[in-house]
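The structure appears right after this line, and notes come after that.
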């Protein structure tokens with residue numbers, strides 16, 4: 001059973017200079033930071049259904065110049081990024097997986113590329129073209145490429161997300177339609193179970209300190225962090241109350257007031273699972 005043992009992916013996100021320059025035309029720098037913190041949170045929500053938790057432990061933004069030669073050829077860019085990760089990132093920062101986000105338009109229809117079965121190895125990473133300012137767009141691309149790292153292949157016609165065929169709504173579909181996918185197919189679940197049983201990447205069995213989470217406590221990520229009495233772990237329910245009105249740490253006073261006015265039923269605080 002995949003869910004019998006909790007798996008946690010300690011993730012580093014690296015953003016290239018082209019992406020930074022593009023976003024700086026429409027966002028303040030603080031908003032750019034929030035944009036890339038939001039994406040791993042969305043990624044967490046996508047993977048939670050598989051029993052895999054994604055923890056953002058590092059964010060590297062190349063605001064002045066690129067550290068690698070970013071090409072329109074995705075194969076070359078993946079090669080350059082994984083070599084940089086091996087030589088420069090891994091020696092100075094502990095993590096399980098690195099995802100590269102670029103504003104460069106890759107050749108052809110490719111928007112992402114990754115090695116399969118690479119999680120916890122020196123090739124554990126992927127490249128992702130940010131082709132949409134909506135965070136869910138690149139988050140679904142990262143979810144797809146990280147899926148390849150976790151041994152998932154493209155869905156076939158026999159794969160379904162609930163009652164819908166893969167090509168309409170599944171994350172590991174070979175191509176994406178107008179609506180970004182938000183669920184993994186039955187095939188992906190079976191493949192992940194096999195990968196975790198047979199390959200058993202041990203780095204995912206770590207229990208990293210929540211103090212490693214980049215950007216501080218985030219309400220709704222299912223990690224019980226400093227300053228939080230609880231964390232429900234869903235995007236819809238971002239606060240757990242007790243009779244003493246215990247609340248998760250919020251990002252602003254406005255958010256705190258909103259949570260208090262929501263009148264969520266009281267609950268006994270429990271460690272996040």
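Cβ coordinates come from backbone N, Cα and C, glycine included.
Owing to the predicted nature of the structure, the values given are computational and were not obtained by experimental measurement.
Copied over from TrEMBL, here are the features:
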ACT_SITE  145  active site
BINDING   144, 148, 154  Zn(2+) binding site
DOMAIN    7-208  domain 'Peptidase M12B'
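The candidate set comprises the binding-site residues 144, 148, 154. Of these, 144 has the most other Cβ atoms within 10 Å. Those same-chain residues not listed among 144, 148, 154 yet with C-beta within 8 angstroms of the centroid of the Zn(2+) site C-beta atoms are 112, 114, 145, 147, 152, 153, 171, 172, 174. Over all protein chains present, the Cβ of the residue listed as 'active site' has 24 other Cβ atoms lying within 10 Å. Classification of residue 148 (Zn(2+) binding site) by DSSP places it within a helix. In the three-state DSSP classification, residue 154 (Zn(2+) binding site) falls within coil.
For residue 145 (active site) paired with residue 154 (Zn(2+) binding site), the C-alpha to C-alpha distance reads 10 Å.
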